[in-house]
Structure formats: C-alpha cells, structure tokens
Amino acid sequence: KESAAAKFRRQHMDSGSSSSGNSNYCNLMMKRRRMTHGRCKPVNTFVHESLDDVKAVCSQKNITCKNGQPNCYQSNSTMNITDCRETGGSKYPNCAYKTSQKQKYITVACEGNPYVPVHFDGAVLLPATPLPSLPPPHKRRLL
C-alpha cells in the first residue's frame, strides 16, 4: 500500500519543472499522477521546489491545520506552486482543469519518523502567526 509520504510526493511534488506558459499542465499532470481515477479530484496543488526544501517545512513555522490538528507547518518563504482547479465543464472521465501558477507560503501536515509531509493543507499569500511554543508538559504551571 502507498504510504502517506509517498502519496504526498505523488500528488504534490513536481520539482525541477514549472507550469509557466503551459495551460495544459494540470490536465496532463492530474492524469499522470492518478488523480483522475474513478473520479476527478476537484482541487490539487503541485509544488515546484526540491523535496528537501518541502521536507524542511516540517521544522519551520508550527500552525494549526484546517481540521484543528496541531501538526501543520508553514514555509518560511514563498514557494513556486501550481494550483489545479476543476473547470465547470469537467465531467468524469474527461476531467478538465484550470492551471494557475503562484508564489505562496505553503502549509503541510507532517508526521512519522523521519518527520515528513503527509498532507498539503493549503497555500497563502501572507504568512500566518505561529502557535506559541509551549514548554514540555512537566514544566507547565497551572495558570
């Protein structure tokens, strides 16, 4: 079975390339990376940075994930990404996508040992406020 880390790489990593000037990028990549099997995945983001740079986000700014979990991290700098969004006329099995290239801060959820990205949580133009660093539980005083 595909691990969560491998699935993240398949769905979100496209190092060493970019979608610039290629409006067909998402149509090709969504198919190539098996996100149009059984249904059209409505929205997906590809990151055009090195895997090491994206893995490094797991030690950057700790923020809360959209689902409320505390294991999300935002990149310290913007990254070159491509947003793929299903178009209105898209109908399975003929999935159709709009390609938009952007520079944004990315947020990923990390887990495991080694601690690696397993979920792409979003991308924003402005950096978030990090969670306060709490001392380890045994050093916390009751307020």
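Keep in mind that glycine also has a Cβ here, set from the backbone N, Cα and C atoms.
Per Swiss-Prot, these features apply:
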- 1-21: region 'Disordered' (REGION)
- Lys7, Arg10, Lys41, Pro42, Val43, Asn44, Thr45, Lys66, Arg85: substrate binding site (BINDING)
- His12: active site, proton acceptor (ACT_SITE)
- Cys26-Cys84: disulfide bond (DISULFID)
- Cys40-Cys95: disulfide bond (DISULFID)
- Cys58-Cys110: disulfide bond (DISULFID)
- Asn62: N-linked glycosylation site (CARBOHYD)
- Cys65-Cys72: disulfide bond (DISULFID)
- His119: active site, proton donor (ACT_SITE)
- Thr129: O-linked glycosylation site (CARBOHYD)
- Ser133: O-linked glycosylation site (CARBOHYD)
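Cys40 (disulfide bond) is 26 Å away from Cys72 (disulfide bond) when you measure Cα to Cα. According to DSSP, Lys41 (substrate binding site) sits in a coil region rather than a helix or strand. Cβ environment of Cys58 (disulfide bond): Tyr73, Val108, Cys110, Tyr115, Val116, Pro117 lie under 8 Å away, each six or more residues apart in the same chain. Cα separation, Val43 (substrate binding site) to Cys65 (disulfide bond), rounded: 18 Å. Separating the Cα atoms of Cys26 (disulfide bond) and Arg85 (substrate binding site) is a whole-number distance of 8 Å. Not a single one of the recorded positions Thr45, Cys84, Arg85, Thr129 has a C-alpha within 10 angstroms of the C-alpha of the residue listed as 'active site, proton donor'. Counting other Cβ atoms within 10 Å of each Cβ, the lowest count among the recorded positions Val43, Cys72, Cys84 belongs to Val43. Maximum C-alpha to C-alpha distance over the listed substrate-binding residues Lys7, Arg10, Lys41, Pro42, Val43, Asn44, Thr45, Lys66, Arg85 is 22 Å. Just so you know, of the recorded positions Thr45, Asn62, Thr129, the Cβ with the fewest other Cβ atoms around it within 10 Å is the one at Thr129. It is 18 Å from the Cα atom of Cys95 (disulfide bond) to that of the residue listed as 'active site, proton acceptor'. Secondary structure at Cys58 (disulfide bond), taken from DSSP and collapsed to helix, strand or coil, is helix.
Put simply, of the recorded positions Cys40, Asn62, Cys65, Thr129, the one whose Cα is nearest the Cα of Arg85 (substrate binding site) is Cys40. The closest partner of Lys41 (substrate binding site) among the recorded positions, by CA position, is Cys84; the full candidate set was Asn62, Cys65, Cys84, Thr129.
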